[in-house]
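S.K.: I grabbed these lines from TrEMBL:
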BINDING   Glu120  substrate binding site
DOMAIN    3-181  domain 'GCVT N-terminal'
DOMAIN    245-295  domain 'Aminomethyltransferase C-terminal'
Amino acid sequence: QGTLTLITNERGGIVDDLIVTNTSEDHLYVVSNAGCADKDLAVMRGRAAELRATGSDVHLEVSDNALLALQGPSMARVLQAGLSDDLAKLSFMNSITTTVFGVPGCRVTRCGYTGEDGVEISVPVGQAVELAEQLLGVPDVWPAGLAARDSLRLEAGLCLYGNDIDETTTPAEAGLLWTLGKRRRAAMDFPGATIIMTQVKEKPKRKRVGLTGAGAGMALSCACGKGGVRVASPCSPLCVPTSPGTVTSGCPSPSLGKNIAMGYVEMAHSRAGTALTVEVRKKQHPALITKMPFVPTQYYVAK
């Protein structure tokens, strides 16, 4: 069984978001963002050393496996042909170690950053190309780059580390307090606990929100990550802004046929339906705060 979780710093900021799976092989399997791997390892190695100093039996191993993500409505049918295990019994955020299309030692986790039903396959690096080629040999399977993944994850309302969350963003601001379990909230035994729990009680000053708009503004503003969201009064979308914010991600939505984005605005102006303007190159574009996900997710739960 796995879950999304966060590494936080003493200021309550998010060092990384990662998936941790409690395996049946008596270890935790951790998947971090590749760009954060070095700093994550430094944190984990430091904590492991502290635990060993108090008599705990804990150590860290780094896997050199590759990771392939197979995502979309046809995933189960395509992958089942290469598995002896029954995918119908594998729910979202659960994983198994198995042989995939003849490649042994793969960990198949029913997850992925698209909002669709899918899996991430941890495969021995020497056989990653072989497995990828076998999957791509199926007519329904196509290669997809980061731009395709980015549009899907944004439609699903999922954060991208470095854009929507970073070491200056707290879980409360990002809408990620659900990653913080009751025991940890009570114990307050994690970095930045005082700051984060204060925000739980008093509410943060800003909040991550979804945005929709008909113009090109949000797609342009997120290209460099420096766009500005401004809350406008209900009487006119072009009036003098009263509260600045920031667009952190945005793109034209292939599924909806309009621009979508996410960003941060002051809590007082974060209600769904609030009219905003997006300022790009000194031009104003109307937008609307919209509940996320923009497109319903298709995560699979075994029956």
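Keep in mind that glycine also has a Cβ here, set from the backbone N, Cα and C atoms.
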S.K.: Among all the protein chains here, how many other CB atoms are within 10 A of the CB of the residue listed as 'substrate binding site'?
M.R.: 20
S.K.: What is the pLDDT of the domain 'Aminomethyltransferase C-terminal' (245-295) when averaged and given as a whole number?
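M.R.: Summarising the domain 'Aminomethyltransferase C-terminal' (245-295) by its mean pLDDT gives 89.
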S.K.: Could you put numbers on the helix, strand and coil content of the domain 'Aminomethyltransferase C-terminal' (245-295), residue by residue per DSSP?
M.R.: 3 helix, 30 strand, 18 coil
